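**Student:** My structure is below; once you've seen it, I'll send some questions.
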């Protein structure tokens with residue numbers, strides 16, 4: 001196969017390959033960028049593989065960065081772009097089921113492609129667009145099949161994360177996992193426990209944000225991989241419920257974890273925090289998902305949020321909640337929800353027209369718990385529209401609150 005219309009990203013990278021070839025070495029575009037071009041999908045990165053060893057690559061270009069030189073990878077900087085260029089290599093010894101104990105640089109493209117995960121990712125392409133297919137990856141692309149390169153069990157023992165990549169690709173590409181490859185995943189699913197939680201999490205998130213999450217979820221269930229994921233061993237019914245939902249799509253990581261939390265019946269902050277901490281997410285994500293689940297409760301209960309719920313949820317988490325609510329069948333008009341939020345008198349407690357210093361200056365309180373209590377009452381009064389967000393009005397209200405607390 002020859003691709004005559006190469007995307008701009010390849011055109012910009014061609015001089016890199018041509019420079020390497022002019023020095024007597026081989027160089028090719030490899031992996032996902034070739035696959036996605038054939039599928040007509042947008043490119044994210046352009047990767048280059050070469051017979052030149054790292055030191056030889058560095059001699060050919062003025063500006064390089066050693067991004068992973070121990071594994072043969074050098075970043076070539078050219079006209080504002082960075083191109084990861086990796087020496088053909090073989091790998092051996094995978095004590096941790098993730099990284100090779102030994103990397104050997106070689107001059108053979110075939111030896112390099114043999115170590116890759118799936119046939120559709122073991123494609124190479126010349127600068128002129130000629131696709132080199134040594135493992136029938138083109139046929140698998142055409143049939144929509146995910147097949148391991150060579151012996152599937154060996155590929156998964158080399159890197160157990162490849163099993164999660166398989167179910168993720170099933171979701172992103174709507175591909176079927178070839179029977180022998182699927183059986184190897186089933187037989188070796190327990191190896192997933194050897195993989196860092198963060199890496200498994202990224203693949204799960206990509207799966208659920210894929211264009212065909214049902215395909216990925218089916219593979220996750222069929223292979224039993226879910227049993228070896230944090231807090232998921234008992235969640236087969238929940239995953240089956242996700243499969244039963246009508247056509248759905250998640251566009252953000254926040255919506256992924258909001259949907260999972262909701263489907264796992266996690267409603268309070270501590271339970272949500274435990275789930276997300278176990279999956280080693282950020283504190284920012286935990287706060288966002290907690291707010292979104294609270295908003296989901298309100299949307300399911302009454303189809304709307306009170307002014308206070310709007311304020312404490314925030315527009316971003318509100319948008320997440322409504323996306324998930326729409327999937328679950330009780331979503332509201334997003335424009336109306338956004339307008340309801342926009343119409344709040346204030347959107348942050350720092351916008352309140354009085355602060356502790358103002359209360360002290362007016363001699364309404366002394367420093368201590370009473371001050372926080374009065375400011376909280378002022379904030380609630382403004383949010384609910386009982387008092388205008390003006391200093392004089394709020395000081396009058398604060399005086400009334402202080403008097404009531406003193407008697």
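Using N, Cα and C of the backbone, Cβ positions are placed for all residues, glycine too.
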**Student:** TrEMBL has 32, 35, 159, 162, 165, 168 down as binding ATP; which of 89, 107, 116 does it also list for that site?
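**Tutor:** When TrEMBL describes the ATP site, the candidate it includes is 116.
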**Student:** By a 10 A CB contact count over all chains shown, which of the binding-site residues listed here is most packed: 162, 165?
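**Tutor:** Within the set of binding-site residues, the most crowded position is 162.
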**Student:** I'd like to know which of these binding-site residues, 47, 159, is least surrounded, judged by other CB atoms within 10 A.
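**Tutor:** It is 47 that, of the binding-site residues 47, 159, has the fewest other Cβ atoms within 10 Å.
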**Student:** Rounded to the nearest angstrom, how far is the Cα of residue 47 (Mg(2+) binding site) from the Cα of residue 165 (CTP binding site)?
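**Tutor:** Each residue's Cα considered, residue 165 (CTP binding site) and residue 47 (Mg(2+) binding site) end up 18 Å apart.
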**Student:** For residue 168 (CTP binding site), what residues in its own chain, 6 or more apart in sequence, show a Cβ-Cβ distance under 8 Å?
**Tutor:** 203, 204, 206, 207, 210, 216
